[in-house]
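Reviewing the structure listed below.
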Amino acid sequence: MKGFMIAAPASGSGKTTVTLGLLRALKRRGEVLAPVKAGPDYIDPAYHRAASGVDCFNLDPWAMRPGLISALSSRMTESGARVLVAEGMMGLFDGAIDGKGSSADLARLLDLPVVLVVDCARQSHSIAALVWGFSQFRKDVLIEGVILNRVGSPRHEAMLRGALAPLGVPVLGALPRDPALSLPERHLGLVQADEHAGLESFLEQAADVMEAHIDMDALQTIWLRPKRYDAMANVARLKPLGNRIAVARDDAFAFAYMHLFEGWRRRGAEISFFSPLADEAPKADADAIYLPGGYPELHAQRLAGASRFRTAIGDAAARGVTVYGECGGYMVLGKTLEDAAGVHHPMLGLLPLETSFARRKLHLGYRLLEPLGGLPWDMPLKAHEFHYASIVREEKADRLFRVRDASGENLGEAGLRVGSVSGSFMHVIDFSGEAA
């Protein structure tokens, strides 16, 4: 599929706002879009969906096999999409410790031209050195346009354009400084899209700014250029947790990867959704229940009082139904959760651990997992860990994974499993290797 990537020299350059504005502007022009977020981030994809009206897939070149990324790209083409719009993560060449898994790697894999968003707030002629360095750093990654962001005045814009003119990299537009074009944040990143009361107005405003200040015809020329190679379409996927999987989905359980659901459906699984915050129970015929990550620490009191949800999960576990929790879902499977104010809330009590958001410590990074039983995955896995909550008490139980970091350093064992119930702080993304 033809498309392009919005990337930047560093985080905080404005690429998310630019991506959202372009998605909405292209949607208004009638383009059929395939939004993509590079890396493991859960929050930006919900904004992409709001802007485009289409589900956004995470494509992670560190955690996913190249074949899976190519297959997911092909799947988007099969669904009728015509333009893939990818938002990079961090800086264009930033990845794991060795630099692998960067946005540049994804652009190379999918043959996407890169549009570089540069924060110009505190520079003028120095931008030429920055853009030149980025354009020359990897010859297999093509930077085919620049968007100047946070430009202070027409004079500032003229200086920037003059500095870049000798490089031959097209300047697609210059966006003025505008504090209104920023999104609210919290501890794991942006506030979730569903909680942004003025999101629709923000997206329309961002699209108006893109239409007014970016040469959309020049951008189209970039994404319509001939591709150098085609992606492969078929690849093995992670086995589903069951045949009929009930997935918790609401503001407390919002962090789930679309590619997992798509892959499970392709392998014949049925997926249904329920809201613990609305005190809903999973479907009675579900043979697997998935509690993904999210923000249970912000909704602990409501979860503690959700009697129908609590009873249904407990009954399902007693019947031997697979119950699997990741990160926030893992915390909810434990005995208690201490919120930021130090209040302890009873959780499901299906795993012998107590967690705290009051005693915060950042845990962040890619992980290599060796399953130790309890799940349908018996091959090495790649995952991501990102949370502030800590385990304050943990009783003896079987472990779920043996863990290494991205550089291969042994981090010991993690997660718990009791009967058919299991969980950990790891967000599983893909398996490692080519055999399912």
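Every residue number used here counts from 1 along the chain in the order it is shown.
In case you wondered, yes, glycine gets a Cβ from its N, Cα and C as well.
Per Swiss-Prot, these features apply:
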- C327: active site, nucleophile (ACT_SITE)
- 244-435: domain 'GATase cobBQ-type' (DOMAIN)
- H427: site 'Increases nucleophilicity of active site Cys' (SITE)
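For the domain 'GATase cobBQ-type' (244-435), the mean pLDDT of the prediction comes to 96. Close to H427 (site 'Increases nucleophilicity of active site Cys') in the fold, though at least 6 residues off in sequence, lie P40, Y42, F255, Y257, G293, E326, C327, A383, H384, E385, F386, each with a CB less than 8 Å from its CB.
For C327 (active site, nucleophile), the count of additional Cβ atoms within 10 Å of its Cβ stands at 27 [all protein chains shown].
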